[in-house]
Every structure is written in C-alpha cells, then in structure tokens.
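Residues or ranges marked as ATP binding site in TrEMBL: 297, 406, 407. Residues or ranges marked as coiled coil by TrEMBL: 510-548. The compositional bias 'Polar residues' annotation in TrEMBL covers 66-95, 128-143. The domain 'C3H1-type' annotation in TrEMBL covers 24-53. Per TrEMBL, the feature domain 'Protein kinase' maps to 268-550.
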C-alpha cells in the first residue's frame, strides 16, 4: 500500500484559506473543513468548497477521506528533494500479523483465525505426582506452573507426596513456648539411630467452648446461673489440661524394661552439661506394673563405675517425702537409647514449669537481657517453701545440691518443688565432700536463686556482676527481704559460726506465719469446690442408674420389664424431671429443677409430687421416699442378671 508525499506548497494549492480572494475557489476544499471539520465563515465570507463528498481532481483526492487513514500523506518538510521521494511499504512481519477479530464474529470468521491464537487442544495436560513431575515440598521446579516464593506448592490431589516432608515435623510438646517447633534441629537429643515420626496430636476443643459466667448484677440474691453448680471454669480447664498432658505419647522412643509410652518433656534441643556434667534429657513414661506415670531423667553417656554409690543414694533418698520436693523412686542403667545411660525416676507433675521458664523465658532467646522483677509476695512464697524443703533435708543429713532455676519446678500457681535431687550424689559420689559443707552451699545457691528473681537478671548476668551491687539495687523491696538475702549469701556469721537453715527460719518467722495462713485459705477453697463436686457426682451416679433401668425392654423371662410395676412410675418421674414443658408447650430446660429433683430423690425426702402420664389418663401422687425405694428395688433386680459390678 503506497502513499504519495506532498510538500506544504502542494497543500496550499489544493486547500484554500477562507480569506483568499480574487480567484476561483468553488472547486477548492476549505482548509478549515479539513482541519477542524467545519468553517465558521462558510455562510459569510468564505468562497471555498465546504462539501467533503464532492469529488476533486488531481492530487487532492486524499482530502475527501478522513484525516486518519492509511492513505493519508505523511508530512515532508520543504527543502528536501521532492523528485527523489521514495515509497514506503509495510514489513513482512506486519503483513503476516493475525487480523484483529472482535467479539461476536461468526463461526466462519473464527475458523480463518491465525494459528498464533490460543488453542486449548495444544495445552499440556496436568500430570499428577508419581510420574516425571516432582511436587515435593521445597522443590523450586514445579512443572505445572511457576515456582512459588516460599518453596511450597499446595497440590490437593497429591497429598501423599508430602508425607516424606511432613514426617520430619516436630512432635507436639505442650511444655514448649512454640509447641510445634520443639525438635527443629532433629532427633539428635533423643537416642542415636532411629527415626522419630511426628504424632498427629490435636488440642482438645474444650477451650473453644469456655463459658462466661453470668453478670451477677443481673441476678437476684436467691438466683443462680448454670455454672454456679459446678467448679470454676478456670479450675476445670486446668485439670483437663493436666489430664490431656498425661496421655501424650511419642512413637519411636525406645521402650525400657519397666517403662513404656515415653514422651519427651524437653522444650529445647540444646545440650547442656552445666548442672550434672553430662547431657541430660527428661521423659514422661508409664510404669508397666502399676500403670502410673513418672518422670525419667536420663544422663547420656554415663558409665556407672561404682554400684555402691547407687545403692547408697537409693537408701537415703527413697524415703524422702516432702510437699516441696519431687519424690525420688529409683535409678537404673539402660542401653536402649544407643548409649550407656543412667536414668533417675521421679514423681510426675503434669504441666510443671521450671523457675527459668516461668520468669526468664524470652521469645527471642536472648540470654543477655533483663526481665521484670518478681513481686515481693511471690518471692516470699518461694523463700518459705524452699526453706521448708531445705530444713527437712538438712535434718535428714542430706543436701539438695541442685538448687538451680532450671531444676526448681512450679506446679500450681506459686507452688514450687525441688527437682533432680540425688543425681549429684551419684555422679559425684567419690568426692567425699562433708555434708555440712554441702548444706552451706545450699544456702548460697538458694540466695542466688532468689536474687536472680528479685533483680530480673539471668544467672549468667548475675555471675558477671557484683553481688553486693545487685543487693543494693533492691530498694523497692522491704528491709526484711534484703536482710534475708544478705544472710543466705553470707555462708559465715560475723562471729565465725556457719549459717544454718534453722537460723534462717527463725529470721523469717513472720513470713512463714503469713504463708501458712495463705495455704489454709487455699485449702478451704479447694474443700468448698470438692464438696460441691461430690454432690454433682452423686447426682450423675443416680442419672446413670435411672438410664440403665428405663427403656430396657425384656429382662429374663419377663417381657416389657421396664414398662410395668415400679419401673412405670420411675419412667413418669423421668418425664417429670427431664421432659417438662412450659405453658406454650416449649421444652423447659431449667437446670435448677433437674438438680433439685435428683437431689431429693437421692435423699429420699417426704415431699409429695404429682406424676402424670403423657396421655393425661394416669396420675400418681407419690413422695420422694417411695420413689427412692422403687428406684433401689428396680436397680437391685437389674443387678441380679448382670455379671459386672454395679454403680
């Protein structure tokens, strides 16, 4: 397609100006019409042609067309050689380009489309994993699609290919700050050799339905909400969490001679030899003979050279029973972890945390930072309990020795227990250190533990600082607490006599009395809720008995046993208690009525009630005492045909 070039002089000859006069302009197209599409002088002074459809002669044919056209001339500046004007043509690539096809074209037009258009038949079919494609986690070449930024491709049709990657996930550990990332660096802190598959643990969903107690201002003094009949929701949830933690197991851990169902309690895979001189790991296990749960403290790579040391320690520590000491049961050696291990067995306290985890746990893992100081009331509680435990041990001519933030457990609220006792007595049996000297070291370690909690400094920071400066910084605490810490950190009195735990207890006698009072108050509260649960337990027992009697059908040779005799009146009583309706016929689910009726049945009171059948044709007026007698007779008759013990 070629287009002629014309210079500006040619355009002036063919396109006239409205102000041109003195010449024939009727066949010349007005320049304003060409440029602007109209001419404002067409009805007055302009003598040029304003009709664009009128044919023109000569090179002005292009003016009869629209301004934007393939045949429109291109502008050529004056001064160039017009005789040498060359013609331009479209390139071969542009000539072969696919034509534009608007929407709504006919089928015949679509069939003539160029091959460069998208063809669904030519698209590669999706190939699931198992053939040549690889959809494993972390694979950057995904085949069917672009690579993901995070290296994870979620293919719902190939979940089996993700099993090898998921098998390395860390098992759930409720004791860790991040329960799903406990063993990140692998199974190295278990025994060598052996794959430890992850456990598909799932948190119980009781916390998703945690009730809120009714606002007391909306209730009258004699009214009760539903949850007033049961233990507090927080206490119930805490007990359920402990039960759930007791049931955790971890497949892949070895089974010992007398213990099975091991579960790792370590919240970090880092090895530490600071306390015992050996790498140690902690497990929960269940004893084969009794079914009770215990904690196993394992010393990795320990070779027992003196059996007498173990026998001596077991004889001294097996009879230690104190409420602030984790009880020791036995010790034995094992080769089941792939090395020579020495294992100590202690009582199991579910969901217990160490003082370090309770007060010095950092989400960033920075061991050089300072933490908030512990309130004085909690500090006095710790001081009194640890002092009581040390007094008990020192009177038995023993020493705790392992007084460390990572070995003192916090079980409930502010309840502390000394853990890992007796281990150093075995490991360092040949040191022959006097017991009095070890007891003096207990007091100094005790003081450093409390000083760490009071200043908010981890042990590594406290060791590098001045102890006296740390004591002087405790200006916000009472004088009695600072004097107690000064006493513990000074192993010798000014008169040259060594400090003892008995002297320390005399010094803190007022705080001991206050802690005893707090303990008795908590005990009274526990007794109150325990008494309430005993009543609820009796009601639940009677409900189970009643359900076992009713709707049973035949019993022995008697057909339709639960529908005749005393059982029929018990059935009407069941409807009276649980199937009541209001005046509009809607179910009445008042919990107070149910609990009241079942409590009166259990007590057998002389109060009369009216029982009515569902067809309103049978009515009984009967007392709870009579119902109680019928209830016992029916259940005793049922037990005659049962081989299992009764409720």
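A Cβ is built for glycine as well, from the same backbone N, Cα and C atoms used for every other residue.
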Let me know the model's mean pLDDT on the domain 'C3H1-type' (24-53). 77
Report the DSSP secondary-structure composition of the domain 'C3H1-type' (24-53) as helix, strand and coil residue counts. 6 helix, 3 strand, 21 coil
Counting across all protein chains shown, how many other Cβ atoms sit within 10 Å of the Cβ of residue 297 (ATP binding site)? 23
Cβ contacts of residue 406 (ATP binding site) (under 8 Å, same chain, 6 or more positions away): 275, 354, 355, 356
For ATP, residues beyond 297, 406, 407 with C-beta within 8 angstroms of the site's Cβ centre include exactly 275, 280, 282, 354, 402, 404, 419, 420
Around residue 407 (ATP binding site), which residues of its chain at least 6 apart sit with Cβ under 8 Å of its Cβ? 275, 354, 418, 419, 420
Pairwise Cα distance maximum in Å, ATP-binding residues per record: 297, 406, 407: 13
